[in-house]
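Written below as structure tokens is the structure these notes are about.
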């Protein structure tokens, strides 16, 4: 598995898209800091970008890579290698290189602008960690979609739809249901609904540390306990890990049972 | 005639004081060893000089014009038995005492220093610790509370008292005090013409400063930080609030300022930073908000209803999660020439004023008002999209609520 991981990783590291992705974040980081000149403000702006763009790029990249390296995969399948190592190797290669581009691309400008001297280092690390998780989650979702669909166009369609659903539509439905059922106590429901969407989860996790003033000022004891203590941080981190591990398990299951 | 008589009396008293006043030292090894004994033998206008040491006394009644000065902060320990000093005479000065262990009672408000129906008093450089009520002014006018330090250890609202309390008192100056860890830092009830300047009120359980039925008061250059709910101004008229700092008042019901039934007031030059709600306005009319800065608050201004003819001009609204929140779509308030950090318009004629009006009320804030739990969707892409569409064509938010002349640069 490690060999395949290494191969995929180096293959991607050499590819143009990784550089584009890396450069994009590098430029973004520098521009943000140049315009704001305040590390803590830049972290907030960055959050908005990370929770939208990282999943999108993870999804598209994952699907693209799977379809592009399909022939190579089939070649590998003919060899005496475990199926799970082939697919997991490829998956971690893609996710690893994307995460590396993200962390380095954003890390370099912030470090140069004096991250270590400011007090937002924890927030920034949290931001990168959630970004990495989002990459892992959405790449694996993309792989699952790609592995289940032979048709490239269909695969792409479903992948983009998944992203659109989780990034926008889910929140819309969530909001609608909250308004429809506003007569009922909704604290637990709304917190529960967050856990079922990794993008919402990532957003909450970062908000916990940033905009807590507005969040705290409202509603009942359940929110207060969740957002006011470390409980929220642990729960959302735990669920985020579940969101990564479970789909990876599913991917191995799919890979084992697929008929090539 | 009466007034002239009083002035004459005052002059005579003052001259009299300077001629025949003598100083009575109080200490463990002096002729007088307790403050009570000192007051008993003192004549009008004398000075009691209390030397360093611990005096276990309470219910000290000051019933003649005296100056009580502590040297190197002598400790008066009430041993939790009751009130410590009660002033019932005009022209009393208390200076440099360290008072601890005021008794707690649920039937009478024991205070470290209580002034009853007296005038021209001065309480300064006093340090109070372990108190119930700190300085309690009752129907006393024309006095000064200056440079005191009140440090409480209040835990619950129901069994704690206020730092400085004014009740039916007029023309008082409260200046340069530090109040922390009590229920209300400074509390005014039925007190008019009070000036409150340069105080620092922090970590109080309820409000840093609390007005009830008190008119024509001014407070300026104070700092209110980390209080249970900031400053509450209720049922008062013509209150002036200048250049104060309201910081870090956050929690489930925390505000920078809570305005309830306030009319004809001025709020100017204040800084609101990191409060859950900067200003919460309810039933307040004809208030001018100028040159304030709202920075990093959850809500900068929350308008609850029945607020008419308020004017917001030349304020800075920067990086607040919500700038303005309304719970109705009726608007009779004016927003003009403010700086909004979220303004995205342009200024083609370069006159410093944006060419497109700014709408400070977001659809999201309207939704949150209706269903508070939706706050968990803060900063989501979906919310940004519907906020944008609402901005383009307002349906739910008041369509006349806009800043027609948003400034391009922040006001210094």
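Think of each number as a place in line: the chain as shown, counted from 1.
Keep in mind that glycine also has a Cβ here, set from the backbone N, Cα and C atoms.
On a predicted model such as this, the values are computed, not experimentally measured, just so you know.
A Cβ distance under 8 Å defines the sequence-distant neighbours of the transmembrane segment (A:20-36), meaning residues of its chain 6+ beyond its ends; these are 42, 45-46, 49, 57, 61, 98, 101-102, 104-106, 108-110, 113. Under the heading transmembrane segment, TrEMBL lists A:20-36 (among others).
Taken from TrEMBL, the feature transmembrane segment applies to A:42-67 (among others).
The transmembrane segment feature in TrEMBL is assigned to A:88-115 (among others). Long-range contacts of the transmembrane segment (A:88-115) within the same chain: residues 1-9, 11-13, 18, 21-26, 28-30, 32-33, 39, 42, 46, 54, 57-58, 61-62, 65-66, 69, 73, 121, 124, 127-128, 131-132, 135-136, 139-140, 143, 248, 251-252, each at least 6 residues beyond the stretch ends and with a Cβ under 8 Å from a Cβ of the stretch.
Within the chain carrying the transmembrane segment (A:121-146), a Cβ under 8 angstroms from the stretch's Cβ atoms is held by residues 39-40, 43, 46-47, 50-51, 54-63, 66-67, 87, 90-91, 94-95, 98-99, 102-103, 106-107, 110, 115, 155, 158-159, 162-163, 198-199, 202, 205-206, 209-210, 240-241, 243-244, 247-248, 250-251, 254, all 6 or more beyond its ends. Residues or ranges marked as transmembrane segment by TrEMBL: A:121-146 (among others).
Among the features that TrEMBL reports, transmembrane segment is placed at A:158-181 (among others).
Residues or ranges marked as transmembrane segment by TrEMBL: A:201-219 (among others).
The transmembrane segment annotation in TrEMBL covers A:231-253 (among others). Long-range Cβ contacts of the transmembrane segment (A:231-253) within its own chain (Cβ-Cβ under 8 Å, at least 6 residues beyond either end) map to 84, 87-88, 91, 130, 133, 136-137, 140-141, 143-144, 147, 194-195, 198, 201-202, 204-205, 208, 225.
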